[in-house]
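K.L.:
Dropping the structure in here first, questions after.
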Amino acid sequence: MSRTLFVTTALPYANGSFHIGHIMEYIQADIWVRSMRMAGHTVHFVGADDAHGAPIMLKAEKEGITPQALVARYAAERPRYLDGFHIRFDHWHSTDSAENVALSHEIYRALKAAGLIETRSIEQFFDPVKGMFLADRYIKGECPRCHAKDQYGDSCEVCGAVYAPTELIQPYSALTGATPVLKRSDHFFFKLSDPRCVEFLQQWTTGSNRNGIKHLQSEVQAKTREWLGGEEGEAKLGDWDISRDAPYFGIEIPDAPGKYFYVWLDAPVGYLASLKSYCDKIGLDFDALLDPSSATEQVHFIGKDIIYFHALFWPAMLKFAGRKTPDALNVHGFITVSGEKMSKSRGTGISPLRYLEVGMDPEWLRYYMAAKLNARVEDMDFNPEDFIARVNSDLVGKYVNIASRAANFITRHFEGKLAYLGDTAALSAEFAQQTESIRAALEAREFNRAIREIMAYADGINQAFDAAQPWVLAKGFAEADEARRAQLQDICSRALAGFKALSVMLAPVLPALTSRVARDLFGAQRDFIWSDAADLPAQVAPFKHLMQRVDPQMLDALFEPPAELAAPAPTPGGEALADTISIDDFVKVDLRIAKIINCEEVEGSTKLLRLTLDAGEGRHRNVFSGIKSFYKPQDLIGKLTVLVANLAPRKMKFGVSEGMVLAASHADEKVDAGIYVLEPWPGAQPGMRIH
């Protein structure tokens, strides 16, 4: 039965060019969309630029241009990347559009009418020079715990402490250097903690769509249980501040002059705005297409770093605005290079534009990513040696090799005509069965399984061809009898029919190459669809070169050379290194190995865990740590960690903290939102001092 699908990828933020992570997500979605279309389904595949927010406003101001001009500059780059990698969106739009304004207003008004918008007066730091309220990332100061300088307004990168911006010592604006002042402002909150939202999300996150497809992968569902609680657990959802004060580049909130939607509210609405723009363009009824009762399936491809917004806020917003909720979130991991996080300074950064500029085939990358991606939330590793081997061995050595060998015999001896001995029904059925297995794997997003099956099938075709030894039959062809000629023609015809079937299987992954195969080699008038695999070809044109091998020197050119040691990255971890200290200063800090004897949540705190530590002193210490968002208490019990043992005890609202455990985090949550508690290597014992 034919299905109708509305498919999106996460919206790229319009203050920079595409990076390889964007391209990976777009290729994954594009392969899936092409596969669904080949099955006869109707797919509306749209994207857009995420064009609002303070970072865009401030970057444009720094460059002396308008935010719209900055967004337009990056929007103009998009086709070069998308076309370059054969990524075929139906429509590309912007959140800075009339459609997005109208839809954001409609959704907000519906949520307000449902009693899910609440106004609260909050106190924030305000930059008197800039004349704007400051987000945490734009406030710096001295950490109230370890007294490290130049720490951001919500957490310390040195000691891992989490705090409110008002707790910073000598805070200053990262924009102007001015001392911020506290100022009150009315903000609008979406009441995600409302029992109606909690009940809906507990059902939606564990549910399936009308086709029985789970809304969430098992890993994502498990993550949402941490926020929603299980059957016996209590939900830990906080209400969401959806407003920002002027000056702000965004969509003004209805009936609230000087108040704007926070970018994370109008950004996902941009999915709908892009579809609305596309529907208006081609004459489709947008409202009917996305009516809650319609059969349209709404599918979002996103990265694992934005699960919270897409699995909680987004479906709840849509549900209580009376709109269709998502049918599936397809979440993927990050991309690494040779097992490491990409880094320009280490020469492991991949620029998608550079990939194209050095002359590398975009379909090499599409194939390689398909060979590595699956339906789980796993990181994909790009290994240069593996990349070369897979392309040269699989695509050229196995797949293309079939056509180049068999077609030459057919064109030289049979004028391009194919003929088969015996009953061909079994051969057609075999192709149909194998192709259906590939189609199902691609629909399930098990791309790596599909590629393994395709290459195993190619191995079988090559082995059968080699075993038949057509080059022996071709010797003395002019004097050969009809039986021998027919046998040669049959062997090569079957190999080429197999090559055609393989091309159908690979069509979603290699759209440009398989289009040439369909049209130039087999004389088709259109690109392949799944059912074409079972139709045995009757004629081929002379073989033309299809794909070159990867030259290892291309990989050398792809990776940017490591930065000179004399010029390291100025802000590792998102911030500059602290001032140099002497060894005498360092030894004043007593760092000890400590074992976590117990760990529990702190009632009344959304950030803190209470750790009971054994530091080899014959007694236990009580330490509070702001790591609740990233660790379950039961997962920490029994672990070793690092304790600042001689830090003066600090009296807190919840008790006395007798030291500090060390943790690492990045200054910019958009780069890495995690907090990582330090854990010594096995063998270290509680009480050992770190030197």
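Cβ coordinates are placed from backbone N, Cα and C, and glycine is handled just like the others.
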K.L.:
Labelled motif ''HIGH' region' by Swiss-Prot, one stretch among 12-22, 243-253, 320-330. Can you tell me which?
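P.N.:
Motif ''HIGH' region', as annotated by Swiss-Prot, spans 12-22.
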K.L.:
Quick one: sort out which of 221-225, 341-345, 571-575, 616-620 is the motif ''KMSKS' region' according to Swiss-Prot.
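P.N.:
So the range that Swiss-Prot calls motif ''KMSKS' region' is 341-345.
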K.L.:
Who are the long-range neighbours of the motif ''HIGH' region' (12-22) in its own chain, taking Cβ under 8 Å and residues 6 or more past its ends?
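P.N.:
Residues 49-51, 53, 55-56, 59, 70-71, 74-75, 77-78, 81, 94, 303, 334-335, 342, 350-353 contact the motif ''HIGH' region' (12-22) from elsewhere in the chain.
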K.L.:
Using the structure shown, find which entry in C143, C146, C156, C159 (the binding-site residues) has the sparsest Cβ neighbourhood within 10 Å.
P.N.:
C146
K.L.:
So what pLDDT does the motif ''KMSKS' region' (341-345) average out to?
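P.N.:
Averaging the confidence scores along the motif ''KMSKS' region' (341-345) gives 63.
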K.L.:
Quick check on the domain 'tRNA-binding' (585-691): DSSP residue counts for helix, strand, coil, in that order please.
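P.N.:
Output for the domain 'tRNA-binding' (585-691) reads 6 helix, 43 strand, 58 coil.
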K.L.:
With DSSP as the yardstick, break the motif ''HIGH' region' (12-22) down into helix, strand and coil residue counts.
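P.N.:
Residue counts for the motif ''HIGH' region' (12-22) by secondary structure: 3 helix, 1 strand, 7 coil.
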